Amino acid sequence: MIRRGVLGFLGALWLVPVYLLLVNAFRPSTDFEVSKIWVPDTEIGFFDNVKLAWDAAGLGPSLASTLLYSVASPAIAVVLGAMAGYAIVVLRLRAGFWWFMLLFGGTIFPTQMLLIPLFLGYSSADLYDRRAGLLLVYTAVCVPLAAFVMRNFFTGIAYSIYEAARVDGASVWRIFWRVYLPLAVPALGAVLILEFAFVWNDLLFGLTLSQTDTVRPVMTALSSLSSAYSGSTVPVVLAAGLVMSLPTVLVFLGAQRIFARGLALGQF
Amino acid sequence: MSVATATTSRSPAAPAAGGRGRHGGRKDRGAQWGGIGFVSPAAIIVALLLYAPFLYTVVLSFTEYDGLNSPQWIGVDNFTRFFDDPALITSVRNTLMWVVGTTVVPVGLGLLVALLSFGVRGGTWLRLPFMLPYALSGAGLGVIWGFILQSGGAANDVLGALGLPGAHTSFLLEEPWNTLSMIVAWTWQQTGVNALLFLVGLQSIPKEPLEAARMDGATGWRLFRHVTWPLLAPLTTVVVGLSLVASLKTFDIVWVMTQGGPGRNSETLAVTMYRDAFVAGEYGYGSAVAMVLTLTTGAITLAYLRRQVRAREELS
């Protein structure tokens, strides 16, 4: 079939950069020459390359910090977002729509509008180059989407569940933790995955709000490793790029459907 | 976050849950106070870390501020300074190249991939090569393509082997090839996700009009042009809108591949803003660039959406 042929050809074209990445990330660091990038090397230098990058850019602590940011921030954000959604939909908060607009409005600001005041404020509040500082900003950025999804999700849950629990004498807080939050797990999971990828891949906040190897997120570390001044060889930089991209690539391939749905989150 | 923007343009106006009118005869006073308590943590963190910085950037854009002495009010001087700033003019031009390039090429290719793979056996596998790059970060993308595009690198090899011009072009060092080749890298990454979105659209197209058109003998291009394409229009609006907003804020890939150079000639507005504020330490001027970026994004998005809405009203 012509369609499959064209698609296959385009796909092969698309895989060329992947091939080049793999071949050259696995090449021993000292064997790299611009003239022989197309041919795989007989020796495998990948692990040495990763080790070199690890030492040059302090990747170990950076990976640990990034894991903290990309798991904890979305987790806090979805709970805060779920609480807000619960307040607006289930508790029928007065002017609930405006509260919702306030929260969701947070997504319209381009990052560039936030960086300078965040940098200045963090510097004077001793949050600059601190894990707590990055955790805080990532959480804030994750809240609007979480609130949006959770509000939509709770809208679809019968109000009688809440009324029945109220009549039984359960407190508002207890109903949230014991009934509504568990019900929301599928939606929460999707948001967590999307936001994990977002935080893991972030460069700009890390670049602006952190400095030391232990605090800065991996993409910032990768960016400085790949700059012309780092003195690292091409295989080392490519190996580092490959390792640091793996988490999101794996999560993405494992959860393609969630990503697809995430792009149409209104449907939750 | 691009994902969130997708939802804004997609979802219908949110129904006012708990809006006025529903509150008549309220008995549950505890719930009302509880509600404030439940919404506050999210509201406080968003107000403090998103709204407050946003407003402060607006104020700073009318000042001169070096981070040491207190900000000096200088009115619109930062904005008039733009016209004499060659770096900013280059930056605006590059940003427009990004906008045009990324709303046409990856969207078009995404549509092509979606159409080719829709309903084909093994389509999921055939689509996989396009999906792989999507999960990469901007920084990861910059690392890979910086390597491919280096002088004498893979891109030069391929062009040389095919006998095409460009075998000796230093793509990342020459203007405008640096911006254009970064758009190619971006296309490599974005095509897959656009294809995925279009695929969702193709799946949701009702079968009847397609069947009817086929009965009338429409096939291939005519079927696409007169039936599929109009039915896909709402989704195309979303995909193009997303690309538009993302392209205006392009930063990561440029920062990793060229740092906006050489000589600032591949900067986008987002890179210019970063450089002016955090490299040159001109926080007032940097804020003004951020303002221009935001206003441009807002204006272009609004104009685009209005045109789309009007076009759809004319159709119906």
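Placed from the backbone N, Cα and C atoms, the Cβ positions cover glycine too.
As recorded in TrEMBL, the features of this protein are as follows:
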type: REGION; residues: B:1-28; note: region 'Disordered'
type: COMPBIAS; residues: B:1-17; note: compositional bias 'Low complexity'
type: TRANSMEM; residues: B:30-52; note: transmembrane segment
type: DOMAIN; residues: B:92-304; note: domain 'ABC transmembrane type-1'
type: TRANSMEM; residues: B:96-118; note: transmembrane segment
type: TRANSMEM; residues: B:130-148; note: transmembrane segment
type: TRANSMEM; residues: B:180-202; note: transmembrane segment
type: TRANSMEM; residues: B:223-248; note: transmembrane segment
type: TRANSMEM; residues: B:283-305; note: transmembrane segment
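Against the transmembrane segment (B:180-202), the recorded stretches B:30-52, B:96-118, B:223-248, B:283-305 differ in Cβ pairs under 8 Å, and the greatest number is found for B:96-118. Counting Cβ pairs closer than 8 Å and at least 6 residues apart in sequence, the transmembrane segment (B:223-248) and the transmembrane segment (B:96-118) reach three or more and so form a contact.
Same-chain residues lying 6+ beyond the ends of the transmembrane segment (B:283-305) with a Cβ under 8 Å from its Cβ atoms: 9, 57-58, 60-67, 71-72, 74, 78-79, 81-82, 88, 95, 99, 237, 240-241, 244-245, 248-249, 269-270, 272-274, 276-277. Residues 126-127, 130, 176, 179-180, 183, 186-187, 190-199, 201-203, 224, 228, 232, 236, 239-240, 243-244, 246-248, 250, 268, 300 of the same chain, all 6+ positions outside the transmembrane segment (B:96-118), place their C-beta atoms under 8 angstroms from a C-beta of that stretch.
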